[in-house]
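Pulled these features from TrEMBL for this protein:
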| type | residues | note |
| --- | --- | --- |
| ACT_SITE | H108 | active site, proton donor |
| BINDING | G11, S12, N13 | N(1)-(5-phospho-beta-D-ribosyl)glycinamide binding site |
| BINDING | K64, M89, R90, I91, V92, N106 | (6R)-10-formyltetrahydrofolate binding site |
| DOMAIN | 1-181 | domain 'Formyl transferase N-terminal' |
| SITE | D144 | site 'Raises pKa of active site His' |
Amino acid sequence: MSIAVFASGDGSNFEMLVEKSRRQGWPQSITLLITDRPGARVLERAKRLEVAAVAFRPPDYETKAAYEEAILSVLREHGIQRILLAGYMRIVGPVLLGAYRWRILNIHPSLLPAFQGKDAPEQALDYGVRWTGVTVHWVDEGIDTGPIIDQKPVLVEPGETVESLRRKIQFVEHNLYPAVVRKWLTGEILPPGGSE
Ligand code: GAR
């Protein structure tokens with residue numbers, strides 16, 4: 001049984017998940033990276049960490065369903081049981097949700113339900129909140145709407161910039177996400193509705 005991470009960008013969460021899974025000897029390993037951006041920096045990290053990686057180009061597919069079917073066949077080839085979204089900037093569609101119902105987690109850089117979607121740290125600064133944070137949640141068909149598993153707050157300090165806030169949020173993400181995933185793998189966290 002193994003895990004795939006989906007990422008679109010830098011991949012700092014991907015790297016932290018892989019490192020902690022190895023250091024802590026998780027019962028399932030992260031064996032595959034999927035990206036929708038062939039130029040994404042996360043691919044360099046996967047190479048360095050010796051994790052198999054497959055890059056897809058969504059415009060190569062006529063429909064979102066065809067794109068996700070292509071991903072699904074790679075997931076099946078690799079025997080993937082669970083999926084972690086880590087900066088994957090696409091809405092997961094019915095094909096993947098149907099195949100992996102309640103087996104997909106996401107990390108989002110805000111205290112959901114505040115600031116869903118893109119650029120959550122910018123949204124928090126624009127709104128002027130004193131506290132924002134990080135949420136790990138189950139993925140459903142909405143944008144950052146699935147049931148919440150865990151959250152951690154981050155203080156927005158005077159003079160905070162988007163960059164400084166992002167750094168603080170990512171520091172919290174790098175601890176929270178691996179901790180939640182580990183609990184999921186050991187059965188301490190169960191999917192909505194009960195047993196797997
Ligand atoms: C993370 O902060 C993650 O929470 C966010 O993208 C960043 C990816 O960083 N995800 C979203 O905004 C999803 N709506 P990383 O590539 O360095 O892990």
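Every residue, even glycine, has its Cβ placed from backbone N, Cα and C.
In terms of burial and nearby residues, how do these features look in this structure?
Mapped onto three states, the DSSP output places H108 (active site, proton donor) in strand. Within the same chain, residues at least six positions away from H108 (active site, proton donor) with a Cβ under 8 Å of its Cβ are Q116, A120, V134, T135, V136, H137, D144.
Of all the Cβ atoms in the protein chains shown, 25 others lie within 10 Å of the Cβ of G11 (N(1)-(5-phospho-beta-D-ribosyl)glycinamide binding site). Annotation note: G11 (N(1)-(5-phospho-beta-D-ribosyl)glycinamide binding site) sits in a coil segment as assigned by DSSP.
For the recorded site, K64 ((6R)-10-formyltetrahydrofolate binding site), the DSSP three-state label reads helix.
Neighbours of D144 (site 'Raises pKa of active site His'), defined as other CB atoms within 10 A of its CB across all chains, total 22. Reduced to three states, the DSSP call for D144 (site 'Raises pKa of active site His') is coil.
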Which site among M89, V92 has the most other CB atoms no more than 10 Å from its CB, taking these as binding-site residues?
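The residue with the most neighbouring Cβ atoms within 10 Å is V92.
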How big is the gap, in Å, between the Cα of N13 (N(1)-(5-phospho-beta-D-ribosyl)glycinamide binding site) and that of K64 ((6R)-10-formyltetrahydrofolate binding site), rounded to a whole number?
25
Cα-Cα, whole number of Å: I91 ((6R)-10-formyltetrahydrofolate binding site) versus S12 (N(1)-(5-phospho-beta-D-ribosyl)glycinamide binding site)?
20
Taking the Cβ of K64 ((6R)-10-formyltetrahydrofolate binding site) as centre, how many other Cβ atoms lie within 10 Å?
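So the Cβ neighbour count for K64 ((6R)-10-formyltetrahydrofolate binding site) comes to 16.
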Return the members of S12, N13, R90, I91, H108 (the recorded positions) with CB less than 6 angstroms from at least one atom of ligand 1, or none.
S12, N13, H108
